[in-house]
Each structure stands twice: as structure tokens, then as C-alpha cells.
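Trainee: Pulled these from Swiss-Prot:
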- 23-44: transmembrane segment (TRANSMEM)
- 24-30: motif 'RxxxFSD motif' (MOTIF)
- LEU35: site 'Hydrophobic filter residue 1' (SITE)
- LEU42: site 'Hydrophobic filter residue 3' (SITE)
- 56-78: transmembrane segment (TRANSMEM)
- 89-117: transmembrane segment (TRANSMEM)
- 142-165: transmembrane segment (TRANSMEM)
- 187-210: transmembrane segment (TRANSMEM)
- 215-237: transmembrane segment (TRANSMEM)
Amino acid sequence: MRKVFETVVGLNPNFSFRGKQQTRIETFSDAVFALAITLLVLSSTIPETFEDLWASMRDVIPFAICVALIIVIWYQHYIFFLKYGLQDKVTILLNTILLFVLLVYVYPLKFLARFLSEIYGGIFGIIETDLSRFGEYSHQNLKLLMVNYGLGAFAIFLVFSLMYWRAYKMKSLLDLNSYEIFDTKSSIIANLLMCSVPLLSLIITLIDPWGNFRTTILSGFLYFLYVPIMIVFGRITSKKSRRLLQD
């Protein structure tokens, strides 16, 4: 199967993939990713009446958001092992931590997705907002929600950066060329940037400068920083990689 993927449009043609054979680490990891999506499904109750059915449809968008985020994490995991094929103890440890965080992260992620979907659905008139089903949405509860989400996002991208750092430390053993070393360094920085945004949001939430809902609103809007940060970083690395390939 991996030999087929080597020719698929979308993979980096300038990187020699070393993980051409799927390992037991990846097989186990894929099972955990599948379990994470299964937990999302099991967290929803089976509708028994028409009212329950229409109510369950409110969870379609939150479910789609959660599945999309899990697939993004899975894809980055897949690309890492496809590039390097590492099976050493440190990589296994980091991979285990990643999977643990993912499973812990599933329920807070779905809760946040449902909560935001309810709010924005009401703002744009898509659904009639009913926040009562979330219990007391006090400032302290929203802070706890933002802290849980921030810790999960920060931990996941930090682990990815450490995994790429491990690959970089083993560059001689992996026989990485100059472009592959640059690509590995870029992946380290990209994941550090990805974990810096939830870290900033987490710090603002814990400091709580206003002591009211404005803090959690700001903490949430900070995640929009992903767009300009990753666009700028992508352009910088793209220019450097083109120069490197031309030399």
C-alpha cells in the first residue's frame, strides 16, 4: 500500500520516504485514532422519538468539526512515520503520549464544539440557541473549558515537535540530505508555532485580566492567529526551500 502512496499527488516529491512499510506502531496508532472517533459516536444518545432525532441533528456540525480535527492530527502522524519510519524507544514513548492526550482530549473537544456550534448557530439564526443543556455556563466553567482545550492542543503539537526533533537528532542514522534536514527543522518550528497559540490562550485564561467573560472571549479569538502565523511561516519556508533546491 505504501508503494502506491509514493506516487500520489500531494506528497513531497523532494523527500525520500523511509517508512515504506507500515509498522505495528502505526497499526496500533490507527486503531487508537479509530477509537477516538468511536468515542465521539458513543457520546451521543440514540434517538427514540422524532424530537430526539431532530435534537440529535444539532450534533452533526460539532461531530464533523471533531472528526476533521482528529483526521488532521492523524494525517500529520501518518506523514511523520512515512518520512522517517522510526521505531526507537523514544519515538514509541512520544507516540504513546500523543495517543493518550488524544483520547483524553476527545470529550472536551466535542463539548467545546457543541457549545460553540450552539452559540454561533443562534447568532446566525440557524438554530434556536439552548444553552441550558450545558448546565451552568459561568465564567469559571468557561475558563475550565478553555484550559482543558488549551492544554490538549498545546500538548499534541508539542509532542509532534518533539517527534520531529527526535528525527532531526537521528539525521545521520537516517541519512537525511540538506533539504530533508531543512524540512525536518521546518516541521519542528511549525509545530512549535502551532502549540504557541494555545499556550498564549492558556496563559491569558489563567491570568484572567478582566475576571469576566471578556477573558474567555479573548482566549477563544486568539486561535484565529493560526491563520496569519501559518500563512507567513509557509511563505518563508517555501522561499527558502526553493532556494535550497536550486543550489
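The backbone N, Cα and C atoms fix where each Cβ goes, and this holds for glycine too.
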Trainee: Identify, among the recorded sites LEU35, LEU42, the residue whose Cβ has the fewest other Cβ atoms within 10 Å in this structure.
Mentor: LEU42
Trainee: What mean pLDDT does the predicted model reach across the motif 'RxxxFSD motif' (24-30)?
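Mentor: On average, pLDDT over the motif 'RxxxFSD motif' (24-30) sits at 94.
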Trainee: Taking 3+ C-beta pairs under 8 angstroms (sequence gap of 6 or more) as contact, is the transmembrane segment (142-165) in contact with the transmembrane segment (215-237)?
Mentor: yes
Trainee: Report the DSSP secondary-structure composition of the motif 'RxxxFSD motif' (24-30) as helix, strand and coil residue counts.
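Mentor: Summed over the motif 'RxxxFSD motif' (24-30), the classes give 7 helix, 0 strand, 0 coil.
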Trainee: Under 8 Å between C-beta atoms and at least six residues away from its ends: which parts of the chain pack against the transmembrane segment (23-44)?
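Mentor: Answer is 56, 59, 63, 66-67, 70, 73-74, 77-78, 81, 85, 87, 91-92, 95, 99, 102-103, 106-107, 110.
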Trainee: Residue list, the transmembrane segment (215-237) vs rest of chain: Cβ under 8 Å, 6 or more residues beyond ends.
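Mentor: Same-chain contacts beyond the ends: 139, 142-143, 145-146, 150, 186, 189-190, 193-194, 197-198, 200-202, 204-205, 208-209.
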Trainee: About how far apart, in whole Å, are the alpha carbons (Cα) of LEU42 (site 'Hydrophobic filter residue 3') and LEU35 (site 'Hydrophobic filter residue 1')?
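Mentor: Answer for this pair: 10 Å between alpha carbons.
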